[in-house]
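Going by Swiss-Prot, these are the annotated features:
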{"type": "COMPBIAS", "residues": "1-10", "note": "compositional bias 'Basic and acidic residues'"}
{"type": "CROSSLNK", "residues": "Lys253", "note": "SUMO2 cross-link"}
{"type": "MOD_RES", "residues": "Lys478", "note": "N6-acetyllysine"}
{"type": "REGION", "residues": "1-42", "note": "region 'Disordered'"}
{"type": "REGION", "residues": "62-210", "note": "region 'Necessary for transcription activation'"}
{"type": "ZN_FING", "residues": "209-231", "note": "zinc finger"}
{"type": "ZN_FING", "residues": "237-259", "note": "zinc finger"}
{"type": "ZN_FING", "residues": "284-306", "note": "zinc finger"}
{"type": "ZN_FING", "residues": "312-334", "note": "zinc finger"}
{"type": "ZN_FING", "residues": "340-362", "note": "zinc finger"}
{"type": "ZN_FING", "residues": "368-390", "note": "zinc finger"}
{"type": "ZN_FING", "residues": "396-418", "note": "zinc finger"}
{"type": "ZN_FING", "residues": "452-474", "note": "zinc finger"}
{"type": "ZN_FING", "residues": "480-502", "note": "zinc finger"}
{"type": "ZN_FING", "residues": "536-558", "note": "zinc finger"}
{"type": "ZN_FING", "residues": "620-642", "note": "zinc finger"}
{"type": "ZN_FING", "residues": "648-670", "note": "zinc finger"}
Amino acid sequence: MPSLRTRREEAEMELSAPGPSPWTPAPQARVSDAPAVTHPGSAACGTPCCSDTELEAICPHYQQPDCDTRTEDKEFLHKEDIHEDLESQAEISENYAGDVFQVPKLGDLCDDVSERDWGVPEGRRLPQSLSQEGDFTPAAMGLLRGPLGEKDLDCNGFDSCFSLSPNLMACQEIPTEERPHPYDMGGQSFQHSVDLTGHEGVPTAESPLICNECGKTFRGNPDLIQRQIVHTGEASFMCDDCGKTFSQNSVLKNRHXSHMSEKAFRGHSDFSRHQSHHSSERPYTCTECGKAFSQNSSLKKHQKSHMSEKPYECNECGKAFRRSSNLIQHQRIHSGEKPYVCSECGKAFRRSSNLIKHHRTHTGEKPFECGECGKAFSQSAHLRKHQRVHTGEKPYECNDCGKPFSRVSNLIKHHRVHTGEKPYKCSDCGKAFSQSSSLIQHRRIHTGEKPHVCNVCGKAFSYSSVLRKHQIIHTGEKPYRCSVCGKAFSHSSALIQHQGVHTGDKPYACHECGKTFGRSSNLILHQRVHTGEKPYECTECGKTFSQSSTLIQHQRIHNGLKPHECNQCGKAFNRSSNLIHHQKVHTGEKPYTCVECGKGFSQSSHLIQHQIIHTGERPYKCSECGKAFSQRSVLIQHQRIHTGVKPYDCAACGKAFSQRSKLIKHQLIHTRE
């Protein structure tokens, strides 16, 4: 093999030989100008039909009629030979390091394909010895550039022209749809002849690579390796942004692209600031409290919280702020400006964050989920409040009584108990309330609105709490049980009131007479004795009553209804209390005993009346004559003397009496007759 120096001298001699100037432009005959013919691989590789000359130049498997066999010197260079050529070319000079032509293809082509077929001007063709050997000297490579510029050879994949330089090589590395080297087995095509040579060693359909796990066949070893990673579960490629791992590097690259497409940035500085959010590095530390930040701007904003200075002051009310952005938002309160408008319903907001939160009411989006119970919320603040249900945290404490609350709104409402503040006033009757919800419920008295409807019977209620109590009638549920006697109740309030029977606790006292009650409702009813209020009136006779239950019982006199019947004797009563009292006649039960004399009574009212005998008290006084009585019933009978009322008539003779006992005695006269 001739030495490198000898070849360089031969090239220089060729350049100095007399003849036409090598820089004279000559008409270039391109391969694409040759007549086109079809070949078996044209459909598979997707390239247009080629001429015989082009086919032989780019496809070593194609044979012309006069070239039946391929000789050894026409074969493609092995990769080892190419590597050796590259190493030898790199040793020539540092001045020509960037001009090394990686794959010398001209010398690898069939003898019938000359430089003329590649469009090289006759004056710029390489010496025959160099074109056959495939070695290029710097001087010879200079022939291929020259004053014509680096546009003498075409890249097969593009219309642009390049010289034999890194420009052509870089172009040939770009993936393209056109691969001018069709593979005659399977119709595959390749961009470079070296790729085709490497492909010839890939297993064919006759000798595939088979996965031992699933039996799937592959045509390449890399595909088989990736398939085996799927079976082993190995995930060696981790995403730096989200921490997710992947078994293939290509999938990881796609993942990186998805992160980059999620957020767009105006410049490199914005992108760098954004990347600091993913990094755990926080180099900016507050000297006051030690809190660290990833950005210097965030630190500066935070440091203003330690400063008492509030340089941004509102011209309307004088309120000061540490940040100008907070002042701008505040000023919208005075101006009424609401620049952020919902595209769905048209509702406007002063802050963009409020619009984002509001928009979730239309979309139903609830991105904040509780890790304990899975309940989802549309706002992070609502999630934090909810999580206190699980933790039991009650950070807000009343300064007056020490009672803690999980929400600051509940503390504010509670504090009005101590201050007596009632800021919510009814515009119809002037009644004031401490809570807005109480005012809303109260207004339903005036409007008659009953929005809460029972889905079983259709009955409507003004309050949801009353509906819940009503629904227990249908279910029969009594979840509240007394721990002392085992009695069950449908409502917790009823259980609390019942427990006062065992404890003797009567926290509700009358301010007029000092009488105490176990229930607040009983105190309210009792106070009507002092006020004389009787708001419930009978529509039949006009009689009024202090309690609604008493009116209902009275109306049974007019309609004759006696729904409460004794299962022993069949006697019916218009009141359940009268039935209970009557049943003690059959049982002989007298649970109420006088502590003074030991006498027993079936009714508590009878015991109370009896105890007055021992005390000598006469609380019932006649307003006409001033006479006092120990029992209310005796006073009523006495008052008939003054009024002349005789409600008890004899059915036999029609005589009337003021007392029932006198009527009974009179009726004995008729029975004797």
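Easy rule for this one: first residue shown is 1, then count along the chain.
In case you wondered, yes, glycine gets a Cβ from its N, Cα and C as well.
What you see is a predicted model, and the numbers here were worked out from it, not measured in a lab.
Annotation for the residue listed as 'N6-acetyllysine': spatial neighbours Ile472, Ala488, Phe489, Ser490, criterion Cβ-Cβ under 8 Å with sequence separation of six or more.
Sequence-distant neighbours of the zinc finger (396-418) (same chain, 6+ residues past either end, Cβ-Cβ under 8 Å): 385, 388-389, 434-435.
Just going by CB pairs under 8 A, the stretch in 312-334, 480-502, 648-670 that sits most against the zinc finger (340-362) is 312-334.
If you look at the zinc finger (368-390), the same-chain residues 6 or more away from its ends with a CB under 8 A from one of its CBs are 357, 360-361, 406-407.
Under DSSP, residues within the zinc finger (620-642) fall into helix, strand and coil as 11 helix, 4 strand, 8 coil. Away from its own ends, the zinc finger (480-502) comes close to residues 469, 472-473, 518-519 of its chain (Cβ-Cβ under 8 Å, at least six residues beyond either end). Sequence-distant contacts of the zinc finger (452-474), counting only residues of its own chain at least 6 positions beyond either end whose CB sits under 8 Å from a CB of the stretch, comprise 441, 444-445, 490-491. Under the DSSP three-state reduction, Lys478 (N6-acetyllysine) is assigned to coil, being neither helix nor strand.
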